[in-house]
Amino acid sequence: MPLLSQMQEYQADTTFAQLEALRQKLREYEYHYHVLDNPLVPDAEYDRLMNELKNLEWQHPEWITVDSPTQRVGAKPLDGFAQVTHEIPMLSLDNAFSDEELDGFLRRMESYITEDPHTLAFCCEPKLDGLAVSILYVDGVLSQAATRGDGSTGEDITSNIRTIRNIPLKLNMDNPPARLEVRGEVFMPQKGFEELNERALEKGEKTFANPRNAAAGSLRQLDPKITRQRPLVLNAYGIGVYESDDELPATHFERLQWLKSIGIPVNNEIRLATGREQLLAFYANIQAKRPTLGYDIDGTVLKVNDIGLQEQLGFISRSPRWAIAYKFPSQEEMTVLNDVEFQVGRTGAITPVAKLEPVFVAGVTVSNATLHNGDEIERLGIVIGDTVIIRRAGDVIPQIVGVVMDRRPENAKKIEFPTACPVCESAVVRVEGEAVARCTGGLFCGAQRKEALKHFVSRKAMDIDGVGEKLIEQLMERELVHTPADLFKLDHTTLMRLERMGEKSAQNALNSIEKAKNTTLARFLFALGIRDVGEATAQNLANHFHNLAAIRTATFEQLQAVQDVGEVVANRIVRFWQEPHNVAVVEDLISQGVHWQDVIQVEIADNPLKGKNVVLTGTLTQLTRDQAKALLQSFGCKVSGSVSSKTDYLIAGEKAGSKLAKAQELGVKILTEQEFIALTGEN
């Protein structure tokens, strides 16, 4: 909303006490965000309250005080670190949330410079979501590092900054400045964040909510050894103090390139843009790239490129006039939890789903969010009626990441986890050691039957592409299909009676069903939906036993001899075949013509691929990714999605990227597609 329109919404009778209460609320949020690294509300809510305070102070300038949040940058530092006074204040940026507010930023510059802002060159950068730092080099050697803190005083984090691998301890130049202060953002890439949380879970430790919290918590450890273990990265965005006989370049963009030339890392997405349309194009381009960047950003930063013009434009109390952060629509918002419903999955898992007051988050309206399980409800301390924080990043399913406790209503209601299935009323049980509660109804439960059918026809199972979720729902609602075998009994007349089913659609579905009869033993096993038997385990079972009869009669001990089959999975396979209903469905499927060739035992004792950990990357030209994976699994290989010290081989197709670089770094054996095919003996 334009600033003027917002101002008109406020009543003239606002009291000083109300304004002070708003300031105190903002101070509390700032303290939790900057000092405790534990945000209480989404950034969007903080920004809204800050705008409200700015507007109230605009209406009542006589009420502005030097300690107002509008006059400061961050929060006071903790006493656990030595304090560092910034010679040049580390200011924050004003924000724009719409094209109209960007226009206002350009228009305001007209009062301070003679040039037309719409023809100026801007240095455009992604707005990294990390922690702002200052790093001082004396005679080219890293001497001191500090957090931004409140803009005037930060915390001395020199020992921790020294542990970050992409920050040089010595500048890459012959005649370094006497003093050079590099300013930048320390952040944690998404992959490193995920691996950090995985390790924490394995150790039973607390996980971080997001990469920013992880970066902040890691950078402000009192023990640098802990920081050294964290995957932190610096991207420089500017220069503070500079003392040298040599002059710096005259533009911001050139200064960043100079920093890069002396070993200081800068972001690869920085571009120059001239005029409004190019600024908007940069914003749109970075927003489109956001899901694939590999690190969190929450907008763009647009800076007048000419340093002389920056100096002419100057500063206001807490930010420069020559730069603005044009932020993306928030990925976090607040809304109210109206109710919780419980869904039943293919394996009987009971999943609580939050029913929310609809809220616009990251470009879409969200009214539902997963709550995962009872443990998550307990961890969040959430009750019906709470104001909650919703996060939606990229294509990730919206989730509740926090509760705003000071907004809990008096009539809030505890969430009661069901003891009976909401679909079939069978008992709900939770096995000791598992987080998930499950319906015990099995295929008696309509919800489990529906999800089992969806799994059966899926691409990696029987691959019946003419039968989708909506068709399965119709078939079940009309009680035309009860088990997977019933799909193979459908005829043209039956399908034509269904809604939105034309002649061509019906025939396509029947053709897909007929085609699916010819499958593989591994696909068939996976399609049966035996709990914890995924693609790889199904392939291992097929390779080990060679035929279905051997699998059906395998003992617990024989199953445990299969690669990656432990006690739990072996038990589940045995129990599956002990259930008469399951055996009847399998026999019915075979009687309907579902068939496959038994797996031929191939002697692979001398093949170097046997039993190895393998990763695929890049574009393969002679095989599809699925074909290559199946071929590897036939040699008993474990196919992984990421490179680690445990990886034996990396098969690199065309345009291989970061996985190839990591494999080279770790000394992993690298095969081309041709070398891989030669090893397998495939033509």
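Placement of Cβ uses the backbone N, Cα and C atoms for every residue, glycine included.
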Review point. Can you pick which of E185, E194, E195, E376 Swiss-Prot lists for the same NAD(+) site as D43, A44, E45, Y46, D47, S92, L93, E125, R148, K303, K327?
Key: E185
Check your understanding: For the NAD(+) binding residues given in the record (D43, A44, E45, Y46, D47, S92, L93, E125, R148, E185, K303, K327), what is the largest pairwise C-alpha separation in angstrom?
Key -> 25
Exercise for review: Determine, using Cα-Cα distances only, which of these recorded positions is closest to L93 (NAD(+) binding site): K127, C424, C439, C445.
Suggested key: K127
Point to revise | Residue with minimal Cβ packing [other Cβ atoms within 10 Å] among the recorded positions K127, R148, K303 | key: K127
Check your understanding: C424 (Zn(2+) binding site) to K303 (NAD(+) binding site): how many Å between their Cα atoms?
Key -> 61
Exercise for review: With E45 (NAD(+) binding site) as the reference Cα, tell me which of the recorded positions K127, C421, C439, C445 is the closest one.
Suggested key: K127
**Study point:** DSSP-derived structure type at L93 (NAD(+) binding site), helix or strand or else coil
**Key:** coil
Revision key, fill the gap. DSSP tally for the domain 'BRCT' (604-683), helix/strand/coil in that order, comes to 27 helix, 18 strand, 35 coil
Practice item. Have a look at the binding-site residues (C439, C445) and report the one with the fewest Cβ neighbours inside 10 Å. Key: C445
Review point. So among the binding-site residues L93, C421, C424, who's got the most Cβ atoms within 10 Å?
Key: C421
